[in-house]
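Written below as structure tokens is the structure these notes are about.
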Amino acid sequence: MTSTIFHGYNKKIQGKIKVPGDKSISHRAVLLGSIAEGKTKIDGFLMGDDCLHTMQIMRQLGVRIEKDGESLIIEGNGIDGLSEPADVLDVGNSGTAMRLLIGLLSARPFYSVLVGDASIHQRPMDRVVLPLKEMGANITGRADNRLAPITVNGRKLHGIEYDSPVSSAQVKSAILLAGLQTEGTTIVREPELSRDHTERMIRAFGGSVTTEGMVHTIVGPQKLTGTHIKVPGDISSAAFFIAAALITPGSHLIIENVGVNPTRTGILDILQAMGADVALENERLVNDEPVSDIVVRHSSLKGAEIGGEVIPRLIDEIPILALIATQAEGQTVIRDASELKVKETNRIVTVVSQLRKMGADIEETDDGMIINGQPGKPLKGGNVNSFGDHRIGMMLAIASQAAKEPVKVDHAESIAVSFPGFETLLESVR
Ligand SMILES: O=C(O)C1=C[C@@H](OP(=O)(O)O)[C@@H](O)[C@H](O)C1
Ligand SMILES: C=C(OP(=O)(O)O)C(=O)O
């Protein structure tokens, strides 16, 4: 275990930075590049632990993937170019890798076993196993096929119409990746719109998915063609730096080249409602994905009500939003966020317990949390724990901006799951 000490009380945040590539887009780029025909070049690929696991797995499935300077080059041989792996496929800490790969492999004519770390082996896989079984897939797992290790005996599937009970891009994407390989029409309906990177990227590779409202339709089988993907910076990573600047007097930060797909920018909508001085500049489209620079200045904030359709658009930003809310005037209520219980940790429990340890007025609810902000009152430093959850680790590191004493974060090594270089970048703007 690595413990890291963060000490930044009131150190203003200044400068112009870039954050590493978007994790969701990087996973999809390497998956789709691997099943496309011809060469795919990926610039800005996130070299974080999660995406490196996906890349390694595609190599185990027989795909040639090489680093060329800052780029990844994939020599795709089409979907039939994948071959049975000689060993188990290890997704590490990545739910996205596990769930998208179950979908992709369920229609491949070979046997694979997917494993991960202790956290992954506790996270629900039935949400993808059930719809894929409806498509005819042969998938087994621990605990009545709910948990990993998961075994996939790939075979020919048939299209389905599926009403997903959760707004999950991982569920939607697993079904679309199976549907892409399946004769006929596959339809997924979700309660609220989740991130749509899979749909956009299938189109960037020359394929077709249509979306009307919350209904996504794919007609298979489809062939994809290699392309050039430029991965923008990850807004979920940028959020930690936006938070640091917002809560620290005198701060002014520019974050260049961040993905601002509307299915991901719930954090910006809520921050603006809280009174934050956050603006987008230089907006453009890259591979059908909106990209922008983000300019943020220290702001006096007020509490907000956060729930409903915005939740899937900011699900990974709730830990850092909770910290921001401790520094805002009044009450912040987060509801409809039960999905937090099945992330790398139960993020309702870990956020509330660790921020409370630092002196925040925060309590758990059934589907979220309530925070009574105490702007002007410093948090307490001391020893806190990420419990191996990268987003909790980074939230606690940023909390050191508002804590008088140093903050020692246990299991800080988990930060590399999504944000290699986080500590160095933070030092560079303090
Ligand atoms: O599809 C993706 O890339 C992701 C979808 C979200 O999970 P769910 O699909 O479980 O909501 C998100 O929390 C995760 O970090 C990445
Ligand atoms: C939940 C996350 O990722 P995953 O589901 O891919 O493990 C995350 O990055 O916050």
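Backbone N, Cα and C atoms are what each Cβ position is placed from, and that goes for glycine too.
The domain 'Enolpyruvate transferase' feature in TrEMBL is assigned to 11-424.
Under the heading 3-phosphoshikimate binding site, TrEMBL lists Lys23, Ser24, Arg28, Ser168, Gln170, Asp316, Lys343. Around Asp316 (3-phosphoshikimate binding site), the same-chain residues six or more apart in sequence whose CB sits under 8 Å from its CB are Ser236, Lys343, Arg391, listed in sequence order.
All protein chains shown were included, and the count of other CB atoms within 10 Å of the CB of Gln170 (3-phosphoshikimate binding site) stands at 25. The phosphoenolpyruvate binding site feature in TrEMBL is assigned to Lys23, Gly95, Arg123, Gln170, Arg347, Arg391.
Look at Asp316 (3-phosphoshikimate binding site): DSSP puts it in a helix. Summarising the annotation, TrEMBL assigns active site, proton acceptor to Asp316.
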Distance from Gln170 (3-phosphoshikimate binding site) back to Arg123 (phosphoenolpyruvate binding site), taken between C-alpha atoms, in Å: 13
Message: Just to confirm: which same-chain residues, 6+ apart in sequence, have a Cβ under 8 Å from the Cβ of Ser24 (3-phosphoshikimate binding site)?
response: Thr96, Ala169, Arg195, His197, Asp234
Query: Out of these binding-site residues, Arg347, Arg391, which one has the fewest other C-beta atoms within 10 Å of its own C-beta?
result: Arg347
Query: Cα-Cα separation of Ser168 (3-phosphoshikimate binding site) and Gly95 (phosphoenolpyruvate binding site), in Å?
result: 11
Query: For the 3-phosphoshikimate binding residues given in the record (Lys23, Ser24, Arg28, Ser168, Gln170, Asp316, Lys343), what is the largest pairwise C-alpha separation in angstrom?
result: 19
